[in-house]
Each structure stands twice: as C-alpha cells, then as structure tokens.
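Engineer: This structure is in structure tokens; I'll ask about it shortly.
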Amino acid sequence: MAEEVLIPSSGKITSQLTSSLLAVAFLTSFGSSMLYGYNLAVVNSPALYIKDFYNRTALSRNGTGLSGETLTLMYSLTVSVFAIGGLLGSVIVGMLVSRFGRKGTVVNSTVLVFIASSLMGFSRICGSPEMVIIGRFITGIHSGISLSVVPMYLGEIAPKNLRGFLGLVPSIFIGTGVFTAQILGLHELLGKEEYWPLFLSVVVVPTFIQLMLLPWFPESPRYLLIEKQNVHATITALKWYRTKCNIQAEIEEMQEEQHSLSSVETLSVWRLLQDDMVRWQVLSVVVINIGMQLSGIDAIWFYTNDIFENAGIPAPEIQYTTAGTGIIEIIAGLIGCFSIEKVGRRPLMIGGFAMMGICSAGITVTLILQAHLSFMRYISVCCVVGIIAGFCIGPAGIPFLITAELFKQSHRPAAYIVGGSLNWLSNFTVGFVFPFLQMSAGSYCYLVFATICVSVAIYVYVVIPETKNKTFMEISRMFNKKEAVLETQDLVHVDQLKLKKMNGYGGVEHASLEFDSSFSSVP
C-alpha cells in the first residue's frame, strides 16, 4: 500500500494512490457503471430474436401475430424504457444518498439488478414480453442511480490530487461495458437465438461480485463528518483510504466546509435553483450535461454500421469492425484517465468537444462528397473514430466529475439530480428525434451536433475554471470571486448612470432620475 507524502515546502498534502482507493474505484465501476454501458448496447445484437419472441407470444395468445408497426413500437419501447428508468433513478438519487450514504446507496441498489436480471432471464420460459420491458425499466433505474452516486462517492473519498483520475474510472468501465456487450453479442458467443435471455441477464455477475466485496469498505469520510457528525468513523475511513499519514489537514478542510454551510441539511432541487451563490455552478452543470448527450455520440452509434457499409466493409465483417470501435473507446478513456491530473479538466473537455465538433462537420462533408470521391468513404470512418475518441477522452466522464467538484456537501445531491435528469432527458430526446432529423436534413443533420459541440467547448473555455488539485472550498471560493466581479460590474454601471445624470443635462430618462432620488433621501 502506498503512503501519503507530506511536502513541507508548500504546506500541502499530496496523496498517492492506495490499494484501498483503487479497489473501491474498481468495485463500484465494475458492478455499477459498467452495467450502464452494457445495457446501452445489449439490445442491438438480439433485436431480431426479441422481435420474433414478441410476435410468437402474441400469436400464441391471440391467434394472430403483430403488425410491423406494432412490433416496431414494442421493440422501441424495450429500448427507450431504459432511459425512462434512468430518469427516475437520477431523480431519486438525492434522497437515497442522504438516507443510506454514498456507499450504502451503491450496495442497496444492487437489488434492482437481481430483480431485473431474473425478469429478463426467465421471460422466454414464462412467455412474457412484459418481463423484458419491465426488466429494462428496472435496469434503467439502477443505471440512473449509478451514474450519479458512483462519481459522487469516488469524488468524496479521493484526495484532491487524485480526484480527476478516480473520477474518470467509471467512464472507462462504461466503455468496457459497451465493448463487452459487442463481444458477447457475436454469433460465436451469446449472439445465437437460444442465448438472448442469458445475454440480457448476465449483468448479474459483476453486481454479485460487487455485493460480496464492497460492504467491507468504509463510507465516504465527507458524508460521515459533515452530514452524520461522526468524527470517529471519519478518522477510521480516512486511515483506511490514506493509510499511514497525517490526516489532520483533510479533516480541517472538511470542518471548514461544514462551518461554511448555513445548514448541514441537503438542499432540495428547488432551493438549489433559487440559490444565487451557485448560479454559475448550476448553469455549468446544465450546459455540460446537456452538451454531453446532444453532442451526437448516440446518433453516431446509431449510424456506425451504415457508414462502415458505405466504406466498402463486407456486411459479415461489420459487427467485428463495430466491436473494434469499442476498443478505441476504452483506449481513449484510459488516455483521459491517466492524463487528467497532468493537463487538467478544461483542456480535456474543450479538446474533446472541439474534436467532436470538427469530426461531426467532417461526416457531413464526406457523406456529401463520397458519391464523387471514393476515398471520402474512408475519411468518414476516420471521423466516426475521431468522434468516439474525442467523446471518451473527456466529455464522457468529466461532466459527472465536475458536478461533484463544483458544489459543497449540502448542494451536491441536488446538483446530481439536476445534471442526471437533464442527461437522461437529452439521451431520450436524441434517440427519439434523430431518426426524424436524419430524414428531414439528411447528411446535414450532423452540423447540428457540430454546432452544439463547439458551443459547449466555448462555454467551458469562458466560464468553467480549472479545478485540478483544488479542494472543494477552494473551488467554491473561485466561483464566489466570479460572483463578486459581476456584482462589482453592476455597481460600476449604476455609478456611471448616476454620473451621467449629473453631467448629462437631463439626458437620462425620468425613471433613472427617480431611481437616483431614492439615494438622496437616505441619510
């Protein structure tokens, strides 16, 4: 196990990665975050088999099969109900983390995976398509909870110099989940008709491993001290995660945050939105979470097979090529994870969104020109790879990390509700709107995504400060300074208005004169 190193020259404590921190990051991501990625991709491979099951079940029940429109509707519901469940999970996560704690929520939510896996695994034996749809809905609830609570938990147990590294571990496992679903979905493995119920329910394995091991690790020290006021448990947790070290500085930083809070009670979403002191933080969470989904990454996955087919890749080999993009996703995630503490959050987000914007515009150009220039087909493949790599290197995981870093303890759960809800709503919107956008705009539809990506990159550059290696209190003070600057600019504007009234010979409207007269009446 690594030890913490005290640096006397700067007066700051720099922590090294311990086996306990790495184990918790692995277990929470492996048993929760990976399931989100897996469930995103798992329904693609067995789509024909699931539709056939739905049709045969209707035939045995009613004597007639389903129409093509009804069958498409049922399958679309099977796919999209996952996002509806995710939205519900993101809404209730604030209540869960306040009641059960961060680790407690991760552990207790595993029951949802066991229920969902049982429903989907036995659906064919029971002859019930409803079990598949309900199972997908429940897995969505679990993923909605996990996408918020896992980065929240890791962000609170990590020392400030490792918060970015640990915060991006879940995004690597999300990519691993997508890749696992692509590999297991190959015809040589679980891609055969008789295996699709097992294919949908195999997610129970990583969750079972998590349930067996994670309860042995302690709860978030920040939650124990700030919300539960349990100093003894806080010290025990810090010693577990930091080993032989001086933990006094971290406890003092937590106590400073605790004293700065007007109340240790968790804020509601409504109170968070009304709090002027965090308006820039809330706006930033809104922009980056919406931008993450409206970047078009889901649409790219939707269109990948067609682009590869146009590039001349033989149809039987497209599934292997698509699985290859999963490897790119994992590699890009690893690059982001291991570089975030060196280059910072801002460069990875700005670079990632900018790269996605450029490549999205590139897809539009290549789709237009590939009828005249054959080599454009291969450039379109490169653009797809560029979008996937740009997304996974930063925008895939940093929005969840930033949500934890921008808020104090009392505001954090409500912030995750806002960010998570918008994330899932945007996810559902892209999945629902993209086919219609593609029909109406054709290849130009990717220009919409390019514009969104570039706009988010500009917003991050202008508004969001670098949070690398800073405590939660230091980050809060940076935004407080931004508020103070804006308030000062407003006061300067008022003073200039008053001066204009004095020197402008009545050039200011009467409303302004009345406004200033109120100052003269004050003694």
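Just so you know, glycine gets a Cβ as well, placed from its N, Cα and C.
As the structure is a computational prediction, the values presented were derived from the model and not from experiment.
I grabbed these lines from TrEMBL:
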- 21-38: transmembrane segment (TRANSMEM)
- 25-468: domain 'Major facilitator superfamily (MFS) profile' (DOMAIN)
- 73-98: transmembrane segment (TRANSMEM)
- 105-125: transmembrane segment (TRANSMEM)
- 131-153: transmembrane segment (TRANSMEM)
- 165-184: transmembrane segment (TRANSMEM)
- 196-217: transmembrane segment (TRANSMEM)
- 280-303: transmembrane segment (TRANSMEM)
- 323-341: transmembrane segment (TRANSMEM)
- 348-369: transmembrane segment (TRANSMEM)
- 375-402: transmembrane segment (TRANSMEM)
- 414-437: transmembrane segment (TRANSMEM)
- 443-464: transmembrane segment (TRANSMEM)
Engineer: Taking 165-184, 196-217, 280-303, 323-341, 414-437 as candidates, which has the most Cβ pairs under 8 Å with the transmembrane segment (131-153)?
Structural biologist: 414-437
Engineer: Between the stretches 105-125, 196-217, 443-464, which wins on the count of C-beta pairs under 8 angstroms to the transmembrane segment (280-303)?
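Structural biologist: Comparing 105-125, 196-217, 443-464 against the transmembrane segment (280-303), the winner is 443-464.
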Engineer: Check the transmembrane segment (375-402) against the transmembrane segment (165-184) for contact, please; criterion is three or more CB pairs under 8 Å, pairs 6 or more apart in sequence.
Structural biologist: yes
Engineer: Average the pLDDT scores across the domain 'Major facilitator superfamily (MFS) profile' (25-468) and report the rounded value.
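Structural biologist: Value for the domain 'Major facilitator superfamily (MFS) profile' (25-468), mean pLDDT as a whole number: 85.
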Engineer: Taking 105-125, 165-184, 196-217, 414-437, 443-464 as candidates, which has the most Cβ pairs under 8 Å with the transmembrane segment (323-341)?
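Structural biologist: Result: 165-184.
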Engineer: Which residues, given as numbers and ranges, are at least 6 beyond the ends of the transmembrane segment (196-217) yet have a Cβ under 8 Å from it?
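Structural biologist: Distant contacts of the transmembrane segment (196-217): 20, 23-24, 27-28, 30-32, 34-35, 38-39, 42-43, 45-46, 49-50, 53, 103, 106-107, 110, 113-114, 116-118, 120-125, 132, 135, 139, 184-185, 190, 240.
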